[in-house]
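Here is what TrEMBL records for this protein:
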{"type": "TRANSMEM", "residues": "29-51", "note": "transmembrane segment"}
{"type": "TRANSMEM", "residues": "58-77", "note": "transmembrane segment"}
{"type": "TRANSMEM", "residues": "83-105", "note": "transmembrane segment"}
{"type": "TRANSMEM", "residues": "117-138", "note": "transmembrane segment"}
{"type": "TRANSMEM", "residues": "199-222", "note": "transmembrane segment"}
{"type": "TRANSMEM", "residues": "269-292", "note": "transmembrane segment"}
{"type": "TRANSMEM", "residues": "298-319", "note": "transmembrane segment"}
{"type": "TRANSMEM", "residues": "326-346", "note": "transmembrane segment"}
{"type": "TRANSMEM", "residues": "358-378", "note": "transmembrane segment"}
{"type": "TRANSMEM", "residues": "460-482", "note": "transmembrane segment"}
{"type": "TRANSMEM", "residues": "494-514", "note": "transmembrane segment"}
{"type": "TRANSMEM", "residues": "521-541", "note": "transmembrane segment"}
């Protein structure tokens, strides 16, 4: 009923709105409807091409309904032909996928004999939506402004997506309960897909989207927000950077808390909760009239939400990946760099066209991605993961008795999956003692174990220093370049896009070398040093070319550092300890953010902006030096291993 109001109401109202509120004529406005038609065809073909794949169709249906609802909302703010056609294409793509998936979704809700009746009820509900809600949208547009009529039908589309959300969650819960039953039945092939295969790559995709909208968003608009807050609230550099500093600092400081919640309640709960907080925080920020409003809404509420989302979208990869963990981590972090490349230009465009409040409201809609990602973050049951690990470990054992047991299991499973002898052998297969201990450790014991490691302490010191460079540079550099060179705002913003492109190049480089065996800590130390030195050298930039060159070096070093972070974190602990160590890393980064970045802003305010950036660059170099003992220790340990072999 709700999405039907969007499906028909948008097409009925949008042409009139576009003609009256933009410079397009009737033919150009009509071409937009043609664009939606072409996009629908593409969406339909996409569903056809993926029809043989096994995945949750309700999730696809939910996402597509949400997409063409949000597209309708954003289309009400369009001002140019290019933007309108792009949003019309998004709207048409979402609607095409929705319609193409409808019959499949309906058939999943009933038997074959009941399908005509349920489909008839669907048509009746759509008819009610068309007769009741579309005239209401037209009335709203007539009584107020045509924009609000389109906003109304777009909101109906989003509400339609939310209405199907419980079905999506329930279907995933049923799937999660069904998987352990395969363990008892001895379906070993299904078990092996838990790690590095199958649904794990869906997790990579949704984690990618989450990284794009959490840390990609936070760091991508940090520099623009510093300038816009100075202009909007009439404050100096130190206060203008306060909101961004608090936001990123809270993101990191809440790391241990979010890690404990992820460990206790799971990644799905944490991601959904974080997504709701981000939606609320960024949404409320659109109504801020004083600086402290923005500090509370965006700095604190949205910052906590990003912390939850960032931790959950990182931990879920450690659950689903083992041998290909470096590749998975790199691909997910790739979303962060895409965000860092696109958010600066996109946010500046919104600020210029619509002003601060409306721009923040538009950007709020993109954080629906966290809800979508959270729905997909269901974790396999404990006994399933143990069984997979046991089977994989058994394959690697050279012990003859274990090999015999595996052969017996495989033989029995081929004869009869429900064979009692097989089930008995499966239950007798024991977990390694170390894994059993890991599963029974408490959160407190895991924290104590981690804090006894000198490598962990050095990695935390490293995180404290390099994060001051990572966030401080982005917050301070725009203002410095504007005041110290002849570059205008658009050219300065393009510098952050250069950083984003360099981030992508660095991330792709790590992805391509993910299968190569070498000391990741060495690469991590070098990259941290590179973007520390690049920040220092940037203060001597006098032209656009030199600034873009130094920015590219900074972005390349920073991307390699961040892309390697999850991998080296996983090398310092077990899977069960990963979330906790990641939380400690975020805490260290938060301390660096809260303590060192405001100090850099103070140095820049009292002396010269140049020295503030030099300070954060020196912090980056100190971070590289802090991790150097781990690099040396690993090299010596590797040499000792070679000596023992000889």
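Placement of Cβ uses the backbone N, Cα and C atoms for every residue, glycine included.
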> Are there residues at least 6 beyond the ends of the transmembrane segment (199-222) whose Cβ is under 8 Å from a Cβ of it, and what are they?
Replying inline: 55, 193, 244, 247-248, 251, 271, 274, 278, 303, 306, 309-310, 312-314, 316-317, 320-321, 328, 331-344, 347, 363, 366-367, 369-370, 372-373, 376-377, 470-471, 474-475, 496, 500
>> Can you work out which residues elsewhere in the same chain, 6+ from the ends of the transmembrane segment (326-346), have a Cβ less than 8 Å from its Cβ atoms?
In response: 200, 204, 207-213, 215-217, 219-221, 223-224, 313-314, 317, 320, 493-494, 496-497, 499-501, 503-504, 506-508, 510-511, 514-515, 520, 559, 562-563, 565-567, 570
> What stretch in 269-292, 460-482, 521-541 has the biggest tally of Cβ pairs under 8 Å against the transmembrane segment (494-514)?
Replying inline: 460-482
>> Give the nonlocal contacts of the transmembrane segment (521-541) in its own chain as ranges (CB under 8 Å, at least six residues past its ends).
In response: 462, 466, 469-470, 473, 477, 480-481, 485, 506, 547, 550-551, 553-561, 564-565, 568, 571, 610-611, 613-614, 616-625, 627-628, 630-631, 634-635
